[in-house]
C-alpha cells in the first residue's frame, strides 16, 4: 500500500503544468476515502471551483466573440461553434493519449439523441436571434428554467419546495428587468425560439442523465460528443451562416489579428464546454440555468466597461440586484432538506431491487 501511495505521489509531481490538465486530474481521478466532514468540505471547494471555472470561461468567450464579430466582422457563429468543438476534440485526444481519459462506452442511439438536441440548440438559438427582437430572444432564454424544471419533475420525479420555486421566480424577474427591452414576435421567430428552448433544455438534462447512467466523467462524455458535434457543425455551419448573413466564410478577409481572436475563442471554448459538463454533472440543469444567470450579469457589467457605456442604467442595476438576491435565495432554499428532492415511493421497491443494474445511475445530487 505504501509503495502504491509513493508511486501516486511521484505521478502527481510529474503532472503537466497547464491549468487544463490540472482540472482534468481534479475531475477524473478516483474518489479518496476520507472523514465525512473533510469530504463535504472538499466537495464544497470543488463545487465552487467548477462554478468559477464556468463563469470565467463563459464570460471570457462572450467578450472575445463579441469583439471578433462586432470589431472584425466574423459573423459566422455556427461555423465558429464547429471550430470550438473541433478544438475540444483535439484536447480530448491529447488527454486520452496522456492517460487522463479512460476508455468508456456510450451507445450510438444515446449519442445520436444528444447530438440532435445539442445541434438543434445551437442552430435554433442563432436563428431565433436573427428572426426575433432582442427582447423576445432574452425571454426565450429565461423560459429555459421553467422547461428544465418541468423535465426534472416529469423524468426524475423531483419535487421543489415553495421557497425554491419563489427564488427561481425572483431570478427570472431580475434577469428579465436587466435584459428585456423591446419585445416583438412573429410566427417563424416563435417557432425558432420554441425549438431552441426545448432542445437546449433537453441537451442540458441529457448531460446530467448520461453521466449518471453510464458512469461517465465530463471528459469521457466530451470525448464521445465533441467529435460528432464538430463534424456536423463544420458541415452544416457554412451553409447556415450563409443563409443567415448572406456572407461566405471562405470569402472572409482573414488577417493575423482576426486569426488570433479565432484561436483565442477556440482555446477558451475548451474550458467552456468542459466546465458546462462538469457543472451539470455535479449539479442539475436547473441549477446550472439559475446560477448561470450570474454570467449574464457579469457580461452586462463587462460590456459596460469594454463596449457600451450607456448600457448600464438604473433599471438594469435594480434588475441585477434582484437577480443576485434570487440566486442567493435559490442556493439557500434548494440546499435545505425538502428544498429540492426526489419523490420517494415505497411500493415499487421490489422492481427496483430486481433491476439492480440501474443503480449505475448513481445518487442524485442536490443543487
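Backbone N, Cα and C atoms are what each Cβ position is placed from, and that goes for glycine too.
Looking at 148-165, 166-183, the range tied to transmembrane segment in TrEMBL is 166-183. Note on TrEMBL: of 312-333, 334-355, the range annotated with the feature transmembrane segment is 312-333. The recorded stretches the transmembrane segment (80-102) and the transmembrane segment (166-183) do not share 3+ CB pairs below 8 A when only pairs 6 or more apart in sequence are counted, and are therefore not in contact. Of the candidate ranges 50-68, 189-207, 219-240, 252-271, 312-333, 189-207 contributes the most Cβ pairs within a distance under 8 Å of the transmembrane segment (114-134).
Tertiary neighbourhood of the transmembrane segment (189-207): same-chain residues 113-114, 116-118, 120-121, 124-125, 127-128, 131-132, 136-137, 140-141, 143-144, 147-148, 151-152, 155, 221, 276-277, 280-281, 285, 288-289, selected by CB-CB distance under 8 Å and a gap of 6+ residues from either end. Highest Cβ contact count with the transmembrane segment (283-306) among the listed stretches 166-183, 252-271, 312-333 falls to 312-333 (criterion: pairs under 8 Å). By the Cβ criterion (distance under 8 Å, sequence gap of 6 or more), the transmembrane segment (50-68) is counted as touching the transmembrane segment (252-271), at least 3 such pairs being found. Cβ atoms under 8 Å from those of the transmembrane segment (252-271) belong to residues 20, 23, 53, 56-57, 60-61, 64-65, 67-68, 72-74, 76, 80, 83-88, 91 of the same chain, restricted to positions at least 6 beyond its ends.
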